[in-house]
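Lifted from TrEMBL, the feature list:
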type     : residues                          : note
SIGNAL   : 1-22                              : signal peptide
DISULFID : CYS32-CYS111                      : disulfide bond
SITE     : ARG59                             : site 'Transition state stabilizer'
ACT_SITE : HIS63                             : active site, proton acceptor
BINDING  : ASP64, GLY69, ASP71, SER73, GLU85 : Ca(2+) 1 binding site
DISULFID : CYS65-CYS70                       : disulfide bond
DISULFID : CYS117-CYS312                     : disulfide bond
BINDING  : PRO158                            : substrate binding site
BINDING  : HIS188                            : heme b binding site
BINDING  : THR189, ASP241, ASP248            : Ca(2+) 2 binding site
DISULFID : CYS195-CYS227                     : disulfide bond
Amino acid sequence: MAAIVALLCTLFVFSVSSPGDALSLDYYDKTCPQAESTITNVVKKAMTNDNTVPAALLRMHFHDCFIRGCDGSVLLKSVGNNQAEKDGPPNISLHAFYVIDNAKKAIESVCPGVVSCADILALAARDAVALSGGPTWEVPKGRKDGRVSKASETRQLPAPTFNISQLQQSFSQRGLSMADLVALSGGHTLGFAHCSSFQNRIHNFSPNSDIDPSMNQAFATSLRIVCPAHNKVKNAGSTMDSSVTTFDNTYYKLLLQGKSLFSSDQALLTTSKTKSLVSKFASSQADFNKAFVKSMIKMSSLAGGQEVRLDCRVVN
Ligand code: HEM
Ligand SMILES: *[C@@H]1O[C@H](CO)[C@@H](O)[C@H](O)[C@H]1NC(C)=O
Ligand SMILES: *[C@@H]1O[C@H](CO)[C@@H](O)[C@H](O)[C@H]1NC(C)=O
């Protein structure tokens, strides 16, 4: 019996990650010991000039991992007639690519050709959370950069209009659970959303109701002022929560009050299992931090790529 269990465990481990490309905490200890501190310094500096940088880095890493694994495909630029991910439809708030370029440049000058762009992005996302008052953690490293980036594949990203079953499907296709979904949605404690991302909830929601009835009505009204039905203001929108540059559990507290922006946020309250996790995270910052770290490590370990890119915007 014990032997069978051991065999099954071995098979399971090998099916999740092939032995050759498993990530490890000490991956750059010998080849580039300065890698992490170099990235942290670049992120710190960028944040002092622009407080939207942390949110941008966290979202960029999420998009990277959800398409072809965490392989830096989100960083590639369009070449010839290949339109890259970053020029695909939901790129509206992807920005701060220059931070990754700066980190890569700084690292190449100390240990050329060693640190992948995918690892730089994973580390920068961790730094973004930690430097915004959130938890910190050790990032397993050794990701490789991919050679393919297609705008058409951004359709694989979950949409803000998704309901709970669509979200579950999107996450489970990547080996992520409902618990991961609830914890990672807490990333919406940072940053900003454009009107188009929550328009469906505040205008023509249904034949019976202009506004999503699950929203706090005063909150919806205030959003309608910033985002009128035929909004013409290009960068109009709302901060994700009331403490937009602080990584905390405010997102969950507001969610329970009907003050979330997206249908996909509200959807977390539609099953008892996800709702109880929302309540747990709303009442404990420590529980949220712990769960977020666990799920981030899981998401950021989705495999991709095969090379270490020399310039994060172009394949070797
Ligand atoms: C569960 C599925 C998710 C959906 C449907 C979703 C959707 C969105 C949308 C529509 C925006 C606003 C884009 C805009 O209007 O500019 C956004 C922003 C953001 N998302 Fe998500 N997201 C999801 C999961 C995640 C995850 C897993 C993370 C990271 C752990 C994340 C982090 C962020 C951040 C930080 C922003 C703000 C970006 C900025 O201000 O630059 N999201 N998300
Ligand atoms: C988003 O895509 C459009 C084209 O679809 C492009 O012009 C724009 O530069 C892209 N934004 C970013 C930040 O790459
Ligand atoms: C979610 O949306 C899909 C597609 O519109 C639909 O088939 C499904 O029944 C919905 N699920 C829930 C729980 O509302």
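Keep in mind that glycine also has a Cβ here, set from the backbone N, Cα and C atoms.
Annotations in TrEMBL come from automatic prediction, not curation.
Not measured: the values here are computed from a predicted model.
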Rounded inter-Cα distance in Å - ASP64 (Ca(2+) 1 binding site), CYS70 (disulfide bond): 5
Cβ-based isolation winner (fewest other Cβ atoms within 10 Å) among the disulfide-bonded residues CYS70, CYS111: CYS111
Residues among the recorded positions ARG59, CYS117, PRO158, CYS195, CYS227 that border ligand 1 - Cβ under 6 angstroms, in sequence order: ARG59, PRO158
Candidate with sparsest Cβ neighbourhood (10 Å radius) among ASP64, ASP71, GLU85, ASP248, the listed binding-site residues: ASP248
For CYS312 (disulfide bond): intrachain residues, at least 6 apart, with Cβ closer than 8 Å: GLY72, LEU75, LEU76, PHE97, ILE100, ASP101, LYS104, CYS117, ILE120, ASP145
Residues close to Ca(2+) 1 site centre defined by ASP64, GLY69, ASP71, SER73, GLU85, Cβ within 8 Å: HIS63, CYS65, ILE67, ARG68, CYS70, GLY72, VAL74, ALA118, GLY146, SER149, GLY304, GLY305
Under 8 Å by Cβ from CYS227 (disulfide bond), same chain, sequence gap 6 or more: CYS195, PHE198, GLN199, ILE202, ALA236, GLY237, SER238
Extra residues within 8 Å (Cβ to Cβ centroid of THR189, ASP241, ASP248), Ca(2+) 2: GLY186, HIS188, LEU190, MET240, SER242, SER243, VAL244, THR246, PHE247, ASN249, THR250, TYR251
Fewest-neighbour residue among disulfide-bonded residues, criterion Cβ within 10 Å, set CYS32, CYS65, CYS117, CYS195: CYS32
Euclidean distance between Cα atoms of ASP71 (Ca(2+) 1 binding site) and CYS32 (disulfide bond), Å: 19
Local backbone state of GLY69 (Ca(2+) 1 binding site), from DSSP in three classes: coil
